[in-house]
Amino acid sequence: MTSAVDSGTAAWLAAALALVSAALFALASAVQQRSAAAVPDEHARGLRLMRSLLGSPSWWTGTLADVAGYVAQAAALGLGSLLLVQPLLVTTVLFALPLGARWAGRRLHRSDWVWAAVLALALAAFVATGDPTAGVDSAGWRAWVPAWIGLGLAGGACLLGAAIARGTSRALLLALAAGLLYGLAAPLTKGVVDLLADGPAAVLTHWSTCLLAACLLGGTVLQQSAYQAGSLEASLPAATVGEPVVATVLGITVLGERLQAGGTEWVLVAVLVVVMAAATAALAELSARQAEVPAAG
């Protein structure tokens, strides 16, 4: 898709679309969390939760924003690399956290803002430091097998923990699992966008389209479950960090995208990973200390 415009223009367009996508995802997250939080615990497991949400007009409003955000993300990935687009999506947390707190009748503390900013800046710097270069748009299924195994083990551990945990911890683990699926969906989306040039039949019959649909559906169920289990401050940071980190790793290991960091820059990258983990944990802890305010029906 980038052949229609020069690489510099394509990069700017991709960045702009990624920011539009982040804003739409933020709106979707805040609206959907309000709807999910209103569902009683006895109706909050898996597909039972989804059946309850399907009857909520406000949840459908959030879903429309979510779909629009995904379309903008797909367009951005058609123009730019994963290493360019995905870090910008972390700005979702900066839009959504204050919005969700406002609608819940809470005020964010200064520490919330500080950790949210640290989280966003650390993730952006994590990729920007590496001077990313593009790879291929898609890869054969054999190249994906090691990644699928690793993600399956990590996702299984999150789901096992979520089955035992309650409240904020459960929301955090479910959001991490959703982030893993959405992180896998991002490079798959890039490949499916590339297939569009071959026509609808090529898209609909390719294995990556089926896997992409499964990732999006599974991620949606897990994300809504995370919203129901705890506040937006608990679930959104984990999913927002998980998706771009997973997508970045897959872009490097599967699609051949590269970080051009050298020498001391790799030390900085390692430090930024620790900072991101600390910021995510801090936001979840701060959320747990806040009094939960029931969402208005």
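Using N, Cα and C of the backbone, Cβ positions are placed for all residues, glycine too.
Any TrEMBL annotation is an automated prediction that lacks curation.
Marked as signal peptide by TrEMBL: 1-28.
If you look up TrEMBL, you'll see 74-101 (among others) marked as transmembrane segment.
Sequence-distant contacts of the transmembrane segment (113-129) (same chain, six or more residues past either end, CB-CB distance under 8 Å): 83-84, 86-88, 90-91, 93-94, 97, 237, 240-241, 244-245, 248, 259, 261, 265, 268-269, 272-273, 275-276, 279-280, 282-283, 286. What TrEMBL lists as transmembrane segment is 113-129 (among others).
According to TrEMBL, the transmembrane segment annotation covers 141-164 (among others).
With a threshold of 8 Å between CB atoms, the same-chain residues lying at least 6 positions outside the transmembrane segment (171-189) that come near it are 70, 73-74, 77, 82, 85-86, 147, 151, 154-155, 158-159, 161-162, 165, 208, 211-212, 215-216, 218-220, 222-223, 225-227, 229-231, 234-247, 249-251, 254-255, 284. Sequence annotations record features per position, and here TrEMBL assigns transmembrane segment to 171-189 (among others).
Under the heading transmembrane segment, TrEMBL lists 201-222 (among others).
Annotation source TrEMBL lists transmembrane segment at 234-254 (among others).
Feature annotation from TrEMBL assigns transmembrane segment to 266-284 (among others).
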Same-chain residues near the transmembrane segment (234-254), Cβ under 8 Å, at least 6 residues beyond its ends: 29, 33, 81-83, 86-87, 89-90, 92-93, 96-97, 100, 116, 119, 123, 126-127, 135, 139, 143-144, 146-147, 151, 168, 171-172, 174-176, 178-180, 182-184, 186-187, 223, 226-227, 276, 279-280, 283-284, 287-288
Contact set, same chain, for the transmembrane segment (74-101): CB under 8 Å, 6 or more residues outside the stretch: 1-2, 5, 10-11, 13-15, 17-19, 21-23, 25-27, 29-30, 33-34, 107-108, 112, 116-117, 119-120, 123-124, 126-128, 130, 132-135, 186-187, 189-190, 192-194, 231-233, 236-237, 240-241, 243-244, 247-248, 250-252, 255, 257, 259
Beyond the flanks of the transmembrane segment (141-164) by 6 or more, those residues with Cβ under 8 Å of it: 170, 173-174, 176-177, 180-181, 183-184, 207, 225, 229, 246, 250, 253-254
